[in-house]
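> I am attaching a structure below and will ask some questions about it afterwards.
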Amino acid sequence: MLQGRVLCRISLVIILLIAISAYAPWDFLGVYDKAEAAALLEEGQWAKAKGYIYHKEIKKDKVLYYVKNASVTTGSGSLSNTSFIFKLESDIIPNYSKVNIEGKVKHFSAATNEGCFDMKNYYNSLGLYLELTDIGAYDYSCNSFVDHDYGFKIRQRISSVYEVCLLGEEAGFLSSVVIGEKSGLDTELKTLFQNVGIAHILAVSGLHISVICMAVYKMLRKRGVGFLLCGTLAGMVAVCYGLVTGGSVSSVRAIGMFLIYLVAQISGECYDMPTAMAVVADILLLGNPLYIKNGSFIFSFGAVIGIYFIVLPLNNAFTNYFMYLRRSKKSHDKFYADETWLHKVIQYICSSLVFSFGMFVAMLPLVTQLYYQTPLYSVFLNLLVLPIMPVVLGTGLIAGIIGACAGLGSSALIGWKMFPVLFVKILLFICHCIIYQYELLSDFVQRLPGSTMVVGYRSMWAVVIYYLILLFIVYGLDYITKNINSGKKVNQRNSLLLKAGAFIFIAILWLHPQKGEFEIDILDVGQGDGIYINSGDGARFFIDGGSTSSDAVGQYTLMSFLKYKGVGSIDYWFITHMDLDHVSGVLELLERGYQIDNIVLSAEIPEGETLSQLLALAEHNDTNVLYMKQGDECGTRNLSVTCVYPYSGMVSDDVNDLSLCLLMEYENHGLFSRGTEEPGGFFAFFGGDIAAEQERAIASSGFVDHVDLLKVSHHGSRFSSDSDFLSVLSPDVAVISCAKVNRYGHPSAEAIERLEAAAGSIYYTMNSGRVRVNAAGVDEYISEKLF
């Protein structure tokens, strides 16, 4: 496939070396050197920095500036040749300015649970290693004879045209699609498009280049313009469009490949897609090796690789077989005798379906590795969405340019300006109709049964094996249909059935839900609780799920973690009490329609507004609500959960005192147990927010004895973790869930002192991130490699 492509092979070797250095345990190329150097600066120190602003964008009503070729100096050290970001309340500093600035050093936060957004990894992948906050004095200098902000200003003016003429979410959608401005993109709309598999239309990509730049080139060629002038003008349009759209990874990839195409046209050489792709990837990676871990980079180049190595051979196989059918049947079947418009329509529909299916199977591992789920109907939805996208892009761009020139959205419209504005509104009405249909279609598809399958994260080996099998199937089909079409003897029925069966096999293999092994995951939710339990025999449990320090903990922590684990539903969700730091995330998940089969509450739970909200959401989602009293038990063959508190008829003014307390037993087959070599039952205690008085009552009840794991009550409050209680439980492992900064002083020094005297080891989610207990022992998520 790559014979004779010397430049392509050299480029691929460079890409491979960078990838190995970035993903392997040893960083032999030093791709993490800048990130590691930046991590040595103490957070919160006052710093003086200077550098070169190369990009800016609007984020949450603030202007975010990107600075490169920078030096940062603090009282304890300095950095050179680094990059950082800072925010200002308003747009003051032009692009491409030299800036001197003072502020406090802030490191990007790393993910502390699987599946959660990793801000550190994201910004590092863009070549950014620090943020300066609490900005003090600053000054800048730039060439006053050149408007350095023309790209940013054009983007903002076009965006304001859309805001005036369209609804909020439609304006944000069109700004994202046409000019790459994502500040106004509605989060719910973005999530909807992700769930149904059409989020790719929101990025500036090859579609834009083909619609805009390739159209310019072909139009000029048809009018007899020479290759050199035609290519130069089209290339200038491409570069200017890239500057206006902000120069995202996907747009740089598309523009770079288009420029190589123009060079090939001007020089009379044959354009080679793999070589162009590899060269552009090299240019990006040599500038910033950590692009290799950027999601946009992986998706953009992954799509091109998928088109060339999977979609095109698959389409060739379809074309060969279609031609064979026409030739073999036209002699005795009148329908196949002549190539009519119906034949062309059928072939176009089938070819489009093959292309959409090819892209689906080509991108399936990449989609599931990033989003941990796959939209099963995206093959068909893309058939309806993509053909109309050039209309949206073309009319939206023309309307935006005309509206910006006429001053729509920035000044009063008088005189001649009224006529172009009317034209703009007609064009944007067309866009409105199409966007509205996109939303209706997406909402309809999302409501279909099984529209989104939660698959979970898969190992790198699973990805490699998937692609090897897929390539074997695709090129096997191409080879078989080519022989069939050329008249060679092939057992076509058995061969095609074999390949089709292999397609189904790898799809089932990849999409089949993972059962998993026994584990308990105490998540880092900040100031709150969230505990996931896998029984090891197919059942999933959760205890609590809320936070008062993390916004949208249900969507960004609980849901993300569950998707990462491949958990599309929870069998039993226990809620100890109705404080928001234990239930806010559960309410979010129910509002979003996440499947929870059973919610389990204490039989003594007091009435309240939060409980009423929970019960209403549970009824709306067809979720059973069960109540446990002391001695009640539920579980599976391997695992049981017993309610040990509160007693029947208990009443208290403090909802914490009535927390549902659970003792979990797992039929251990070799899990650690302090003080004995014999495998036995594994016990864990979860006590909500009970205080010392309730702990003593539980200790004397006879329901509990030594436990292997203790989820420390009330986040390590000084009023909990009673000495007598701890001496009865004598836990091997104690875990405290709390935020690093909280107004309660959790965990208290007194509670830690009592725990240190009774427990084998103590873990803190604020330091360790997610804490996992399984057959291998205890695992801390945050202790893994951060660079």
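Cβ from N, Cα, C; glycine included.
TrEMBL annotations: computationally assigned, not manually curated.
Not my notes, these are from TrEMBL:
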type: DOMAIN; residues: 178-475; note: domain 'ComEC/Rec2-related protein'
type: DOMAIN; residues: 525-592; note: domain 'Metallo-beta-lactamase'
type: TRANSMEM; residues: 7-26; note: transmembrane segment
type: TRANSMEM; residues: 197-217; note: transmembrane segment
type: TRANSMEM; residues: 224-244; note: transmembrane segment
type: TRANSMEM; residues: 298-324; note: transmembrane segment
type: TRANSMEM; residues: 345-367; note: transmembrane segment
type: TRANSMEM; residues: 379-406; note: transmembrane segment
type: TRANSMEM; residues: 418-438; note: transmembrane segment
type: TRANSMEM; residues: 458-475; note: transmembrane segment
type: TRANSMEM; residues: 496-513; note: transmembrane segment
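For each listed feature, how buried is it and what is near it?
With a threshold of 8 Å between CB atoms, the same-chain residues lying at least 6 positions outside the transmembrane segment (7-26) that come near it are 32, 272, 274-275, 278-279, 281-282, 285-286, 289-290, 292-293, 460, 785.
Counting same-chain residues at least six beyond the ends of the transmembrane segment (224-244), those with a Cβ under 8 angstroms from any Cβ of the stretch are 150-151, 154-155, 179, 208-209, 212-214, 216-217, 251-252, 255, 258-259, 262-263, 265-266.
Same-chain residues lying 6 or more positions outside the transmembrane segment (298-324) and placing a CB less than 8 Å from one of its CB atoms are 1, 200, 203, 205-206, 249-250, 253-254, 257, 273-274, 277, 281, 292, 347, 350-351, 354-355, 357-359, 361-363, 366, 370, 470-471, 474-475, 477-478, 480-482, 484-485.
Residues 161-162, 165-167, 170, 173-174, 198, 385, 388, 391-392, 395-396, 398-399, 402-403, 405-406, 408 of the same chain lie 6+ residues outside the transmembrane segment (418-438) yet bring a C-beta within less than 8 angstroms of a C-beta in it.
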> Please spell out the DSSP helix, strand and coil residue counts for the domain 'Metallo-beta-lactamase' (525-592).
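Going through the domain 'Metallo-beta-lactamase' (525-592) residue by residue, I get 24 helix, 21 strand, 23 coil.
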> Looking only at the domain 'Metallo-beta-lactamase' (525-592), what is the mean pLDDT?
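The answer is 95, the mean pLDDT of the model over that range.
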